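**Q** Below are the features I grabbed from Swiss-Prot:
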SIGNAL    1-28  signal peptide
ACT_SITE  Ser185  active site, acyl-ester intermediate
DISULFID  Cys252-Cys269  disulfide bond
BINDING   Asp253, Asp256, Asp260, Val262  Ca(2+) binding site
DISULFID  Cys278-Cys286  disulfide bond
ACT_SITE  Asp414  active site, charge relay system
ACT_SITE  His464  active site, charge relay system
DISULFID  Cys529-Cys551  disulfide bond
Amino acid sequence: MLRLNGLRVLLRTLAAIGALLTTASASAACADLLALSLPSTTISSATDVPAGAFTAPDGTVLDALPAFCRVVGVSRPASDSEIGFEVWIPSAGWNQNYLQVGTVVFAGNIQYRSLGFALRRGYATATTDGGHRASIGDASFARGHPQKILDWGYQALATTISNGKALVSAYTHRAPHYSYFFGASNGGRDALIAAQRFPGAFDGIIADAPSSAWVHNAFSWLWSQDAQFGSPAATISAAKLPAIQAAALAQCDAKDHTADGVVNDPRRCRFDPRVLLCSGAESDACLTAPQLQTLAAILAGPVNPRTGERIYYGFEPFAVATPGTWNQWITGNAAVPGGGHAVLANQFFANMVFDTGSAGFDHTQVNFDTDVARAERKPVAGQPLASVIDATSADLSGFRARNGKMILYIGWEDPVVPPRGAITYYESVVARQWLDNPQISRAEDALAQTQQFFRLFMVPGMGHFTGGPGTSAFGALYGPPALAIDRQHDVLAAMEAWVEQGIAPERIVAAKYANDDPAKGVVRTRPLCHYPQSAVWIGQGSAEDAQNFICVDSPRGAYLDAAPARAPLPSSAQSR
């Protein structure tokens, strides 16, 4: 018995020594990364971070992180390049995989929250600042610096893919088994760029609310800015948003057989805002004729005033009163008086298109006829601007050939990226299958071929990558946590199952928490169905429970009826 106890003590001692040696070895390995030679790259620091809370350089506090090796570096593939990046590698418990995360808006910083998300899931992870040190709402880095536009467009993504994987392999002494990418908003654009330009880099890609058609999307922002602020008489105050939302829901909410404050498929009901016209004195419950024209223009989206041709899409009216949607992006609020659309549009056009800088830019001088082509073709390092920053290529043949899988999702009430654009992009990929596969003879077959590697989820009631009255808790980068980390509830787990087990995601059960706070309980659950399916209540059982919904096929296309040939013009656009 004494011998047995002694043996146990010896084994425990050896295990403790082994753990210490392992930790010391990992520390040495992390520090050794400083000497790693990478093309056009300098490693600034490589340090071990203990488990627990971590305060990032920007002040972000990330709780409950595992111990990790934090690598900070900068790449300079060209003389005017300054691409910052970070790579975080678990010191123990690595899941053997790599997850790169995307940027936000104009980038300019490291998204530490996204790195923490990936690290907690066991991944080695990396991201970039997009090639500059401004801020997410500042595009001044681009003026007079075509190389920096190129870096922000796709070069920063490319160098971080290369450096991230090299550093992970050097630290762990093995290549990642599977590689994934997850990005939201501009990071969603990064995700599509990865599939289109670098098809061999990732096994699985998740694109959340991607601003894929960036140039045309910018015209949507400018259009709503012109409509909203073109004249004081036409401006819609935030106080009127509840009346607009109520009128839109009154017309359309019950069309999906559940009057629950969420419109499952806005394509099935075209809201007629004329019901809001004031019949007497103006109040917050109605709109004047100029305000009605403003609303109609924002909903319809930008058009060429000469030809009536659609430039891009507008925004949906069914959650406009939800905080963080229209009051932040379109009507403006105390923090952003002119609205986020004005900020993004002015920064983009002033610094990437016209090179005036913000102080010298007059948004009323942008011509919705001639300046669309001017913006698309603006020379950037020998390429048209649109080809550098847009992620609209329908050719995913390389990504498909390497057996890659991709999920794109977007909220139907997104106030930043028009959600119908996601359908148009997806349908362009479906159409491309006809070109890549001559044996396809039916539209249904082209769709089925696309669904083998690429699926689109339209999320009812969700705003820009989170928020809104819809069920937005399904494991998004910036959303509330999923009910469970499994393929039935969590989008990343669903992607892992698709890539690693061949189980394609048919539906994902999303949740809505009270005030989007998991501690306050679940308000409802709802299945997210992959396009062209949508969730339909079976007619019995609680309409707040996902088990009482089925996914059924719906018609395809951004519009189910004929889109208006000529959308109403903002008064400011009419005079140009």
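Yeah, the Cβs are placed from backbone N, Cα and C, and that goes for glycine too.
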**Q** Are there residues of the same chain, six or more positions away from His464 (active site, charge relay system), whose CB falls under 8 angstroms from its CB, and which are they?
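**A** Non-local contacts for His464 (active site, charge relay system): Ser185, Ala209, Gly324, Thr325, Trp329, Gly411, Asp414, Pro415, Val416, Val417.
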**Q** Non-local Cβ contacts of Val262 (Ca(2+) binding site) (under 8 Å, 6 or more apart, same chain)?
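**A** Correct list: Asp253, Phe318, Pro460, Gly461, Pro469, Gly470, Arg526.
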**Q** Inside 8 A of the center formed by the CB atoms of Asp253, Asp256, Asp260, Val262, which other residues of the chain have their CB, for the recorded Ca(2+) site?
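**A** Near the Ca(2+) site, beyond Asp253, Asp256, Asp260, Val262, sit Leu249, Ala254, Thr258, Ala259, Gly261, Val263, Asn264, Pro460, Gly461.
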**Q** If I take the Cα of Cys269 (disulfide bond) as reference, which of the recorded positions Asp260, Cys286, Cys529, Cys551 has the closest Cα?
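**A** Closest by Cα distance to Cys269 (disulfide bond) among the recorded positions Asp260, Cys286, Cys529, Cys551: Asp260.
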**Q** Sort out the sequence-distant neighbours of Cys252 (disulfide bond) for me: same chain, 6+ apart, CB within less than 8 Å of its CB, listed by position.
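**A** Once residues fewer than 6 apart are set aside, Cys252 (disulfide bond) is near Val263, Pro266, Arg268, Cys269, Phe271, Phe318.
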**Q** Pop the Cα-Cα gap between Cys286 (disulfide bond) and Cys551 (disulfide bond) into the table, whole Å please.
**A** 37
**Q** Neighbour count first, Cβ atoms within 10 Å, every protein chain included; then name which of Asp253, Asp256, Asp260, Asp414 tops the list of recorded positions.
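**A** Output for this query is Asp414.
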**Q** Quick check for the class: what is the C-alpha distance, in angstrom and rounded, between Cys278 (disulfide bond) and Asp256 (Ca(2+) binding site)?
**A** 29
**Q** What are the sequence-distant neighbours of Cys286 (disulfide bond), meaning same chain, six or more residues apart, C-beta distance under 8 angstroms?
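**A** Spatial neighbours, sequence-distant, of Cys286 (disulfide bond): Lys240, Ala243, Leu276, Leu277, Cys278, Ser279.
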**Q** Return the count of C-beta atoms lying within 10 angstroms of the C-beta of Cys278 (disulfide bond), excluding that atom itself.
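**A** I count 14 other Cβ atoms within 10 Å of it.
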**Q** Including all protein chains displayed, how many Cβ atoms other than that of the residue listed as 'active site, acyl-ester intermediate' lie within 10 Å of its Cβ?
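**A** Excluding its own Cβ, the number within 10 Å is 24.
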**Q** When you tally the Cβ atoms that lie within 10 Å of each candidate's Cβ, which of the disulfide-bonded residues (Cys269, Cys529, Cys551) has the highest tally?
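**A** Max Cβ neighbours within 10 Å, all protein chains included: Cys529.
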